[in-house]
Amino acid sequence: MARYVFITGGVVSSLGKGIASAALGALLQARGYRVRLRKLDPYLNVDPGTMSPYQHGEVFVTDDGAETDLDLGHYERFTGRSANKRDNITTGRIYQNIIEKERRGDYLGATVQVIPHVTDEIKQFVLEGNEEFDFVLCEIGGTVGDIEAMPFLEAIRQLGNELPRGNAVYIHLTLMPWIPAAGELKTKPTQHSVKELRSIGIAPDILLVRADRPVPPEERRKLSLFCNVRESAVIQALDVAHIYDVPMAYHKEGLDSEVLAAFGIDPAPKPRMERWEEVSNRIHNPEGEVTIAIVGKYTGLKDAYKSLNEALTHGGIANRVRVKLDWIESEIFEKEDPAPWLEKVHGILVPGGFGERGSEGKILAAKFARERKVPYFGICFGMQMACIEAARSLAGIEKASSTEFGPTKEPVVGLMTEWLRGNMLEKRTAAGDLGGTMRLGAYEARLQPGSKIAEIYGSEEISERHRHRYEVNIGYREKLEACGLVFAGLSPDGVLPETIEYPDHPWFVGVQYHPELKSRPFEPHPLFASFIAAAVEQSRLV
């Protein structure tokens, strides 16, 4: 039977519960255990798919097409296990399910209430489908005291009583701030956070204390005394240079040992940390450095491109180089010459995005990369803008544009209305709900034999994750290929362009999907490994 670890947060948000959960999952995996991670989000949105990147950060897409919290990306990258739609739930989804049941009459006329109906729905989500796992780690979004989180905290309190004795452990992540005027770390915020948690009925077994400097032994003893946890269970979570240092740091502090001790597992299997040691060594001891310009629309919030950032790091790990990122707002190129911004970089990446804002700047970035022979990687929107650039500059289609920006006589990029998923035909309309108009999840593609991208993958058949409404119009293939832009990858039915490339360019690749979502530190995605390798070659020329 699976054992459950519930991770809550206090004092302030953004302390890193997602990283802590992922790191603990990786440590338990390193000891040979089978681990599943789940995220419970208290917001009322059904999913984050329609939320602004500035509000929520990246939307992480799973193989089965779920739009989820970016923490699921951390879970996948740290553990190597692919998440699915059953690993993320929101208050909005919970209430949607309950209202549907109530309308069907499933509650047989009962008054539908937070307790027991909402809490029962949450508990069902936590418990279902865990038969093949040794540990299930559940991260509760938000902080203790948030009104939105109350049903989730009540549900995990109930689970602590309903599960067999010794099958649930509670970890509380808090902040221990340094007060310069006093010259000391303060325990009071953590004490009050634990007091709030205990008033709900949850007594934490382990305190994970975030701090920017070592926590003195006397302060640990103080937290142990006032928060009623063992002194060994007061674990400092110090700031580290890189997130892939976290598993090693937490292991050194004894987090995984304390969790296993709380479950009464003794003796515990010894962890194998060689892979994490190698990743850390490659990150901190690079043999070179390359600079990649990311020409995007949401560069003001780096979390909007979290998986992209990590995938580029993985590419650096594969090539033993440090990847320096130069974030550039694409609208700048609509006012200024791109050359001064781009002539010193070793690669240009144009990521996904939505809407017309900044699109002309991305087109100019693609043009610069094509003309100057700088490695270019266009992802989703970045591929579409590269095709529009080719249509305008090479094929003489001056009015080439996307129907996403408004009516156009030359729709090089247009709204998809139907496509195949396996043997099923899926249809969407522009008037449909935003959450239901996109091509989401893993789809197969066929790569052209002998193409650069087939060489990179080492295969002519691939499966990648998608998140887009618009697609390059296959009707322009002949004109664009006549200008040298090859449609090297298509959907299995040959209708949807999936990849493009210039054979006479050192490295110019566009993909309609999001390869960054499948990259892992131990298994860098081949496209990112190849892109960074091309940037290394470019660095020798600049």
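Heads up, residue numbers simply count up from 1 along the chain you see.
Backbone N, Cα and C define each Cβ position, glycine as well.
The annotation region 'Amidoligase domain' is assigned in Swiss-Prot to 1-265.
Applying an 8 A CB threshold to same-chain residues 6+ apart, the list for THR190 (CTP binding site) reads GLY10, VAL11, THR174, LEU175, MET176, LEU207, VAL209, LEU223, CYS227. Classification of THR190 (CTP binding site) by DSSP places it within a helix. According to Swiss-Prot, the feature CTP binding site maps to SER13, ASP146, ILE147, GLU148, LYS186, THR187, LYS188, PRO189, THR190, GLN191, LYS222.
The UTP binding site annotation in Swiss-Prot covers SER13, LYS186, THR187, LYS188, PRO189, THR190, GLN191, LYS222 and is backed by sequence analysis. DSSP assigns LYS222 (CTP binding site) to a helix.
According to its DSSP assignment, ILE19 (ATP binding site) is helical. The annotation ATP binding site is assigned in Swiss-Prot to SER14, LEU15, GLY16, LYS17, GLY18, ILE19, ASP71 on the grounds of sequence analysis.
Annotation comment: Swiss-Prot describes TYR54, GLY353, PHE381, GLY382, MET383, GLN384, GLU404, ARG469 as L-glutamine binding site, evidence class sequence analysis. Non-local contacts of PHE381 (L-glutamine binding site) by the CB criterion (under 8 A, 6+ apart in sequence, same chain) comprise VAL350, PRO351, GLY352, GLY353, PHE354, SER359, LYS362, HIS468.
According to its DSSP assignment, ASP71 (ATP binding site) is helical. The local packing around ASP71 (ATP binding site), expressed as other Cβ atoms within 10 Å of its Cβ over all shown chains, amounts to 26. The annotation Mg(2+) binding site is assigned in Swiss-Prot to ASP71, GLU139 on the grounds of sequence analysis.
Reduced to three states, the DSSP call for CYS380 (active site, nucleophile) is coil. If you look up Swiss-Prot, you'll see CYS380 marked as active site, nucleophile.
Of all Cβ atoms in the protein chains displayed, 22 besides its own lie within 10 Å of the Cβ of HIS514 (active site). As annotated by Swiss-Prot, active site applies to HIS514 (among others), with the evidence given as sequence analysis.
As annotated by Swiss-Prot, active site applies to GLU516 (among others), with the evidence given as sequence analysis. Shown in sequence order, SER307, LEU308, GLU310, ALA311, ILE379, HIS525, PHE528 are the residues of the chain, 6+ apart in sequence, with a C-beta less than 8 angstroms from the C-beta of GLU516 (active site).
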Rounded to the nearest Å - Cα separation of PRO189 (UTP binding site) and LYS222 (CTP binding site): 13
Across the listed ATP-binding residues, SER14, LEU15, GLY16, LYS17, GLY18, ILE19, ASP71, what is the farthest Cα to Cα distance, given in whole Å? 12
Quick one, of the binding-site residues SER13, THR187, GLN384, which Cβ has the fewest other Cβ within 10 Å? SER13
Out of LEU15, ILE19, ILE147, CYS380, MET383, which of these recorded positions shows the lowest number of other CB atoms within 10 Å of its CB? ILE147
List, in sequence order, the same-chain residues at least six positions removed whose CB sits under 8 Å from that of GLY18 (ATP binding site)? LYS39, ASP69, LEU70, ASP71, HIS74, TYR75, GLU139
Just the number: how many Å between the Cα atoms of ILE147 (CTP binding site) and GLY382 (L-glutamine binding site)? 40
